[in-house]
Amino acid sequence: MSLFVEYTEPKWRNLDMRALSVDEFYLYLRSGFHKESYLYSLSDECYTCPYSKVKALPAADVAAGVAVDVAEPLRLNSAFGLNFKIYEHDQGHYAYDNVTSLCWLRRTDLQEFGVYNLTLQANGTCTFAVDKAGVPINYAFLAVFVLVAALLITLKLVSCAWRCYRYDEAAAAADSIGAAATKATQRKRLRSLDTFRGLSIVLMIFVNSGGGGFAWIEHAAWNGLHLADVVFPSFLWIMGVCIPLSVKSQLSRGNSKARICLRIVWRSIKLFAIGLCLNSMGGTNLEQLRLMGVLQRFGVAFLVVGVLHTLCSRREPISPQRSWQRAVHDVCLFSGELAVLLALVATYLGLTFGLRVPGCPRGYLGPGGKHDYVAHPKCIGGAAGYVDLQVLGNAHIYQHPTAKYVYDSTAFDPEGIFGCILSVVQVLLGAFAGVTLLVHPTWQSRIRRWLILSVVLGLIGGALCGFSREGGAIPVNKNLWSLSFVCVTVSMALVILSLLYYFIDVRESWSWSGHPFTECGMNAIVMYVGHTVMHKMLPWHWRIGEMNTHFMLLLEATWNTLVWVGIALYLDAQEFYYSL
């Protein structure tokens, strides 16, 4: 039973264990000190932060020999340690290292739903003990995996039984011939691209559903790369890969470049408008409507890259005769876009490190708040935050960034205007991979090209961030859409596409791999808009009890994702496909 609910006792001593949420525990504070003292805490997740006050500890009744103890619910991040300091005097909201504390403790073994004792002795020293052991949170993955596997096996058996009941051998043979014909038709289309897009949208739905409340799945507080941080850039990049294929197809059908550009403009407007409508789900007050968002950034990037590539494209590019010229032919064809890409990178770096932001150091890339020991509390994002604030206004940017809950930061839009600069670069790098796909005739040359570029970009990204989370000149940061973030995520996307392309389109030995992700990728916009609109509706989402365990949150997120996968399969069976 503890595997499913993640704790066994509803009560422990006088504590209500079910009042805790995921990643929370109780800390019993006992003080034998002769005067009032003050507890402060700091998570390792908060980089260069001061300690924050937890509460005051009452003085012990020395005459009666009675120590005073109280219980405090605290939150942890299982990926980071938690530090405690007790001060003799009140340090205010924050406590800094220049003040000596009575005692200091650092724990990396704390678990959710645990109960721990922190005791301040009469002489000012601290002791720490486990009162009730916490629960291991990763068992939730095993439990959900078993349940989902059982569900899928049951559905498969029912499906097979239904087919045996409905069809005779002749019908089955006809179905087989039809399936073979369908497969032969689908081979003309690169299924790996649809599969990549499908993987991205399925993972996006999963993480947008909470991902079970696991910290490594959710977005990083500021610097760093979690699973959720990979989804959006991958989706943008694969959109870039498809742009050269689409433009070439339209040019070969005799469409003029002006007509193609008009279609791109119209599609971009629709993407932006849909994103704006989705933002209004939280309220239709235009004075506080968030203007930017995921689809808005898609629209901006698609507009710039689509029009640029269309204007730079040639209707029938002549393949060079010499081998060395063929080796760099894709680079030559991409030279116009490459020049714009470099100009955008130079613009981004110039503004990031050269723009004067009032009250902030030049080139600041931090989250503001209590970062850097509260030196720059209102400087979140540096130049990026400042530009968005000046252009959009505080009322029209995102009010709940991930940094707010760790660094006490102010409002910041992770899909703001400034970040669009390198988002366009992300899509341009995807377009270059698409050009490689068109220019190089053999699968070996394509994959070799992609993997070489992946290594180069990975090394550049690693060098920029110093191969660390917080180090380097430009840390990996999804909120800022930093240059190192672009390099690292594009490097990962190139490797994934290479693997999918090899196994799905080349070898065809992993024919089941694209299913059902291929079908999801062919209706990606339906799935994205649908899961956003239906976010609080049955049967996609539900609540049972407090929903305060990783198991319940993971089960709900997985169920919601599977329902949308089922919808994509149904739409594919009905041959319904929608794209803007």
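Heads up, the Cβ atoms here are built off N, Cα and C, so glycines get one too.
Here TrEMBL flags 139-158, 196-217, 223-243, 264-282, 294-311, 331-351, 416-438, 450-469, 481-504, 551-571 as transmembrane segment. What TrEMBL records for 189-310 is domain 'Heparan-alpha-glucosaminide N-acetyltransferase catalytic'.
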Taking 139-158, 264-282, 294-311 as candidates, which has the most Cβ pairs under 8 Å with the transmembrane segment (551-571)? 139-158
Are there residues at least 6 beyond the ends of the transmembrane segment (481-504) whose Cβ is under 8 Å from a Cβ of it, and what are they? 190-193, 195-196, 199, 225, 229-230, 233-234, 237-238, 241, 345, 348-349, 365, 414, 419, 422-423, 425-426, 429-430, 433, 443, 446-447, 450-451, 453-455, 457-458, 460-462, 464-465, 472, 474-475, 510-511, 513-514
Same chain, outside the transmembrane segment (264-282) by at least 6, Cβ under 8 Å from its Cβ: which residues? 289-296, 298-300, 302-303, 306-307, 310, 529, 532-533, 580
May I ask for the residues of the chain that lie six or more residues beyond the transmembrane segment (450-469) and have a Cβ under 8 Å from a Cβ within it? 223-224, 429, 432-433, 436, 475-476, 482-488, 490-492, 494-495, 497-498
At a C-beta cut-off of under 8 Å, are there same-chain residues at least 6 beyond the transmembrane segment (416-438) that contact it? List them, or none. 190, 233, 236-245, 248, 292, 297, 300-302, 304-305, 308-309, 330, 333-334, 337-338, 340-341, 344-345, 347-348, 351, 381, 383-385, 387-388, 391-392, 397-398, 446, 449-450, 453, 457, 480-483, 485-486, 489-490, 493-494, 497
In the domain 'Heparan-alpha-glucosaminide N-acetyltransferase catalytic' (189-310), averaged pLDDT is 93
